[in-house]
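Undergrad: Checked TrEMBL, it gives:
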- 7-29: transmembrane segment (TRANSMEM)
- 10-203: domain 'Cation efflux protein transmembrane' (DOMAIN)
- 35-56: transmembrane segment (TRANSMEM)
- 76-98: transmembrane segment (TRANSMEM)
- 110-132: transmembrane segment (TRANSMEM)
- 153-175: transmembrane segment (TRANSMEM)
- 207-283: domain 'Cation efflux protein cytoplasmic' (DOMAIN)
Amino acid sequence: MDRTPRFYMALSLLAAVVTMGIKFVGYLITGSVGLFSDAAESTANLLAALIGLWAVRLAARPADEEHAYGHTKSEYFASGAEGTLILAAAVFIIVEAIPRLFHPQPLEQLNWGIVFSVAGAAINGGLALLMLQAGKRLRSVTLQADAHHLLTDVWTTVGVLVALVLVLFTGWLILDPLIALLVAANIIRVGLGILHSAGLGLLDTALPPDDLERIQEALEPFQRQGVAFHALRTRRSGSRSFASLHVLVPGDWTVQRGHALCEEIELAIDQAVPGCAAMTHLEAREDPAAWNDQGFDR
Ligand SMILES: [Zn+2]
Ligand SMILES: [Zn+2]
């Protein structure tokens, strides 16, 4: 079963609509600020899923004249928007919870509130686990960001549930806004994390160490044959990645032989790190000029 990122984002959209409805009804029945904050976050889910759907559709478009390196970076826009939306939801929760610290509101129909919370958390939790797996398998940062977002929703709901149950047993109404504030703090933590990784992607950060190690391993057989390498540079672009490197061979090789080797190296890198497009630059090993061109500014 090989589903596309689009399928998962559409699923996320559907789940956001359902959980948003469930939680708003729960809030209207109970008046719990915890459930309200939960519902507010689901609204953020809905927007995030719409943006994510757009991003994965754009990312799937093949490279063209105007975007010769593909469209996969669009996923960083989506995860950036996702992080921003989560932070907005957290601010919303804080604004709603603080007045209730000083003027706790009575909660009604707590049993129903608990039922609605559990239903919402079950949907989000199941979907988050599914999307986390799919996000890793499809190397989609949008799916991974959405999954982390959904997981914070589950924690939000767990917090709300704990608050509702505690209020039910103790009658301490202040627990509802207090736990809502804790939930907001957790949402801020996750939101900043998502923004951070989106920023690293937009900044053309090098591939992670384990990918770099795999590239080094792929180059080793060539090095044993006397071929040298330098100026290896890498960057990630959503589900794709790019590497460039200089290939140093004996100067008396024919152009044809050198090119054939470069093709082999590019293929080996693509096999070591799936989706990695490598570009090589052929040089004569004995030529000093070949060794003086490793700076970043050239
Ligand atoms: Zn070629
Ligand atoms: Zn060089």
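For all residues, glycine too, the Cβ spot is worked out from N, Cα and C.
Just so you know, TrEMBL annotations never went through curation; they're auto-generated.
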Undergrad: Residues of the same chain, at least six outside the transmembrane segment (153-175), with any C-beta under 8 angstroms of its C-beta?
TA: 19, 30, 32, 34-35, 37-38, 41-42, 45, 100-101, 104-107, 110, 113-114, 117-118, 120-121, 124-125, 128, 182-183, 186-187
Undergrad: By a Cβ-Cβ criterion of under 8 Å, what residues six or more beyond either terminus of the transmembrane segment (76-98) are in contact with it?
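TA: Contacts of the transmembrane segment (76-98) (Cβ under 8 Å, skipping residues fewer than 6 from its ends): 33, 36-37, 40-41, 43-44, 47-48, 51-52, 54-56, 141-142, 144-146, 149, 152, 177-178, 180-181, 183-185, 187-188, 190-195, 197-199, 201-202, 238.
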Undergrad: Work out, from DSSP, the number of helix, strand and coil residues along the domain 'Cation efflux protein cytoplasmic' (207-283).
TA: 34 helix, 28 strand, 15 coil
Undergrad: Counting only residues 6+ away from its ends, which parts of the chain sit with a Cβ under 8 Å from the transmembrane segment (110-132)?
TA: 8, 11-12, 15, 18-19, 22-23, 25-26, 29-30, 32, 35, 38, 42, 143-144, 146-148, 150-151, 153-154, 157-158, 160-161, 164-165, 167-168
